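**Student:** Annotation comment: Swiss-Prot describes G14, G15, S16, G17, L18, V19, G20, K147, P170, T171, N172, V173, H186 as NADP(+) binding site. The site 'Important for catalytic activity' annotation in Swiss-Prot covers S114, C116 and is backed by similarity to another entry. Summarising the annotation, Swiss-Prot assigns active site, proton donor/acceptor to Y143. What Swiss-Prot lists as site 'Lowers pKa of active site Tyr' is K147, and the listing cites similarity to another entry. According to Swiss-Prot, the substrate binding site annotation covers K194, W208, R215, D277.
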Amino acid sequence: MGEPQGSMRILVTGGSGLVGKAIQKVVADGAGLPGEDWVFVSSKDADLTDTAQTRALFEKVQPTHVIHLAAMVGGLFRNIKYNLDFWRKNVHMNDNVLHSAFEVGARKVVSCLSTCIFPDKTTYPIDETMIHNGPPHNSNFGYSYAKRMIDVQNRAYFQQYGCTFTAVIPTNVFGPHDNFNIEDGHVLPGLIHKVHLAKSSGSALTVWGTGNPRRQFIYSLDLAQLFIWVLREYNEVEPIILSVGEEDEVSIKEAAEAVVEAMDFHGEVTFDTTKSDGQFKKTASNSKLRTYLPDFRFTPFKQAVKETCAWFTDNYEQARK
């Protein structure tokens, strides 16, 4: 009681992951404002698939604002195998977080979606209006539908209670504290780990697939700044895509070259074309973001890759891999 009118207590779920750690760093480096109290929690603090534990956490923290990053995630092959688990765990977690936020009277919730939720058959570039236009890719339908339901639930909280519960849709995020597991991580951290191993063993680097698919990569520290902007300034319930522009899309081959350059690797680079390429592209439009923030400057891709490679090398023992 007696808190000044502008004060905010922000609870960040999934606080130990890639994006959570980036928000923590950006806040510590000066993005936090006076009157803001940031609380970062991870699965060690509460099992968010458990309603009672989630409610107890929210009762204890009493957040005015929530950034919901926690999710059960995995690479392509784990998704294919465990679609039911990805659906159930994420649906339980999301419902528990959103409803606990509602029950403690949180003024705003910003959840994190993913571009994989978009319809498999679509036109490009993808934009925020297309989320529910058709089924997602069959490989990870459990995860994708669970994430889509956050948007459905946000709209229902707004319609029934006027809540400002919204969501952001980042493209391919990378940066320090990523999961650098080669089998189960995403493409860029997997490449960084592979180059590190090839360099230390003096062997060739093998990139899976043709190297032709194209992706929009966003640096986790840029995404963290945008998350904080959304939390403070973005008041729509409709989601917003957080991404570099369409012109900044890079091929997997170009991404591999950036990692090779950043890590000063001089060995042979080969492409294993027996491995699947996945979707050729998932180009997303950031024109909605640009109408709000025309001057936001993203970290240049090569610089962000360099910083991430340096972090991985310096923290090799502790890094998730």
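A Cβ is built for glycine as well, from the same backbone N, Cα and C atoms used for every other residue.
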**Student:** Compare the Cα of W208 (substrate binding site) against each of the recorded positions S16, C116, K147, H186 and report the nearest.
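**Tutor:** Out of the listed candidates, the nearest Cα belongs to H186.
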**Student:** State the three-class DSSP label for S114 (site 'Important for catalytic activity'), counting H, G and I as helix, E and B as strand, and everything else as coil.
**Tutor:** coil
**Student:** For N172 (NADP(+) binding site), what is the secondary structure by DSSP, using just helix, strand and coil?
**Tutor:** strand
**Student:** In whole Å, how far is the residue listed as 'active site, proton donor/acceptor' from N172 (NADP(+) binding site) when you measure between their Cα atoms?
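**Tutor:** Per the Cα atoms, N172 (NADP(+) binding site) and the residue listed as 'active site, proton donor/acceptor' stand 16 Å apart.
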**Student:** In whole Å, how far is Y143 (active site, proton donor/acceptor) from S114 (site 'Important for catalytic activity') when you measure between their Cα atoms?
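**Tutor:** For S114 (site 'Important for catalytic activity') versus Y143 (active site, proton donor/acceptor), the Cα atoms are 10 Å apart.
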**Student:** Taking the Cβ of L18 (NADP(+) binding site) as the reference point, list residues of the same chain whose Cβ is under 8 angstroms away and which are at least six residues distant in sequence.
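**Tutor:** Sequence-distant Cβ neighbours: V173, F174, G175, H177, D178, N179, S220.
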**Student:** For R215 (substrate binding site), which residues in the same chain are close in space, meaning a Cβ under 8 Å from its Cβ, but six or more apart along the sequence?
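**Tutor:** Once residues fewer than 6 apart are set aside, R215 (substrate binding site) is near T171, N172, V187, E249, V250, I252, A255, K281, K282.
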**Student:** In whole Å, note down how far the CA of D277 (substrate binding site) lies from the CA of S16 (NADP(+) binding site).
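**Tutor:** So the Cα of D277 (substrate binding site) lies 30 Å away from that of S16 (NADP(+) binding site).
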**Student:** Which site among K147, H186, K194 has the most other CB atoms no more than 10 Å from its CB, taking these as recorded positions?
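**Tutor:** That would be K147, with the highest Cβ count within 10 Å.
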**Student:** Over all pairs in G14, G15, S16, G17, L18, V19, G20, K147, P170, T171, N172, V173, H186, the listed NADP(+) binding residues, work out the largest Cα-Cα distance in Å.
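**Tutor:** The two farthest binding residues have Cα atoms 20 Å apart.
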**Student:** Given C116 (site 'Important for catalytic activity') and G14 (NADP(+) binding site), what distance in Å do their CA atoms have, once rounded to a whole number?
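**Tutor:** C116 (site 'Important for catalytic activity') and G14 (NADP(+) binding site) have their Cα atoms 19 Å apart.
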**Student:** Considering all pairs of residues in K194, W208, R215, D277, annotated in the record as contacting substrate, what is the maximal C-alpha distance expressed in whole angstrom?
**Tutor:** 19
**Student:** To the nearest whole angstrom, what is the C-alpha distance linking the residue listed as 'active site, proton donor/acceptor' and H186 (NADP(+) binding site)?
**Tutor:** 15
**Student:** Distance between K194 (substrate binding site) and H186 (NADP(+) binding site) at the Cα atoms, whole Å?
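**Tutor:** Spelling it out, the Cα of K194 (substrate binding site) and the Cα of H186 (NADP(+) binding site) are 12 Å apart.
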